[in-house]
Ligand SMILES: *[C@@H]1O[C@H](CO)[C@@H](O)[C@H](O)[C@H]1NC(C)=O
Ligand SMILES: *[C@@H]1O[C@H](CO)[C@@H](O)[C@H](O)[C@H]1NC(C)=O
Ligand SMILES: *[C@@H]1O[C@H](CO)[C@@H](O)[C@H](O)[C@H]1NC(C)=O
Ligand SMILES: *[C@@H]1O[C@H](CO)[C@@H](O)[C@H](O)[C@H]1NC(C)=O
Ligand SMILES: *[C@@H]1O[C@H](CO)[C@@H](O)[C@H](O)[C@H]1NC(C)=O
């Protein structure tokens, strides 16, 4: 097909060259046959009739030999990430798509044309490649009336803005510390590999850099990078060329940290600290109830900020905080009930409990005594949060402590029974507080570790 090659080698070499150079070889071969006569352009301005032969062919793919595929080089610049909707799994972004291809029927000699090397021509006059994005889930709102740059060698540059609403597999489990990896696949709508090949005009890192520079606004999403994969797409018996771009974006979590995590953290800390309120006064349940109410209102107000679908870790975290608060409220109600019961009508204590309590109290009492002997400060008995010396005389309890654990419950007087039960309740309170604290710490650490990874 290369006219200048000797006949015998020409066929093989021509085939090789046509495979290597594809579009451009067609162009050189026909450079003379399709020259546009542009004399007078520098004096009279451009004349449409000169391009008539080109414009008349716009219905067909611009190649001389239809066995040769048109090579379209593409690149895009992401100029904005408008919205990421996890509920309907859509990413709305704005991009500028650039396409480059050769039209062998356009060719002129710049010297004859007053030095014109580039022209802008209304794009509707040309054949345009039907490149589309496979993930596109909307009507293409590309404006019409766009123009294309044409140079004297028939190289066409066409650029169009696109608002892309693309489907993307969004995983919001790690919200608000999530990253998303969305795919944009550029392919021809109709032309198979026999007719159209796609190539890259720029390196992907260049595209990513330009895009990052453009998206300098402080929106919710930050562009991390762009990767590409090229593979042919087989649909039925046809093979289509395609270029896949992986667009990695990351959410800026500051808004959510300040509005969701910090207030929630404060509330749960106050809930933990409210264990230090005296258990006997009966102040604790109302306090915790108020806190719970506050937390519920907080959750209601902040509901708009949460993703509407899926179960992100943050929802689990909120549910956990809420359950911790409910459990601590239940605990303080139970304790108030218990204290109330035992101070009015102490029930008989089970033997094993009696025994256990006695041993525990003796152990802590010994500790207290040794502290006293060493002249140390008199510590509060048992170091209970919220423990006040019960409003009863220590005498009878002391006698009971020194007594025999086997001594029958019935032999103790009312005051002693109350005293023992109150001691038991306060120990139980401390015990439950430590369990609560351990559970809270471990679950919060689990959630945080999951988030960090
Ligand atoms: C180009 O067109 C002009 C008239 O518009 C004509 O005089 C000239 O010969 C043409 N040149 C060629 C190379 O056809
Ligand atoms: C454009 O060129 C054609 C022939 O080449 C000529 O007949 C016509 O008058 C020209 N039109 C203008 C506006 O110069
Ligand atoms: C068109 O191209 C094909 C493959 O490159 C080649 O075999 C064929 O001879 C070409 N036809 C013409 C008319 O040049
Ligand atoms: C497309 O890119 C390839 C290689 O990157 C290059 O050889 C070819 O000339 C380009 N084609 C166009 C139309 O820009
Ligand atoms: C995005 O996902 C694709 C596969 O689905 C993977 O090849 C690519 O590395 C991912 N990119 C990032 C930045 O995670």
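Including glycine, each Cβ sits where the backbone N, Cα and C put it.
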Annotated stretch (transmembrane segment, per TrEMBL) among the listed ranges 314-339, 340-365, 366-391: 314-339
Matching range for TrEMBL feature annotation, transmembrane segment, among 229-248, 289-308: 289-308
From 186-208, 255-277, the residue range that TrEMBL assigns the feature transmembrane segment: 255-277
Within-chain partners of the transmembrane segment (314-339) [C-beta distance under 8 Å, separation at least 6 from its ends]: 175-176, 256, 260-261, 264, 267-268, 271-272, 274-275, 279-280, 282, 284-285, 288-289, 291-292, 295-296, 299, 306, 421-422, 425, 428-429, 432, 436, 439-440, 443-444, 447
Helix, strand and coil residues within the domain 'Neurotransmitter-gated ion-channel transmembrane' (260-374) as assigned by DSSP: 94 helix, 0 strand, 21 coil
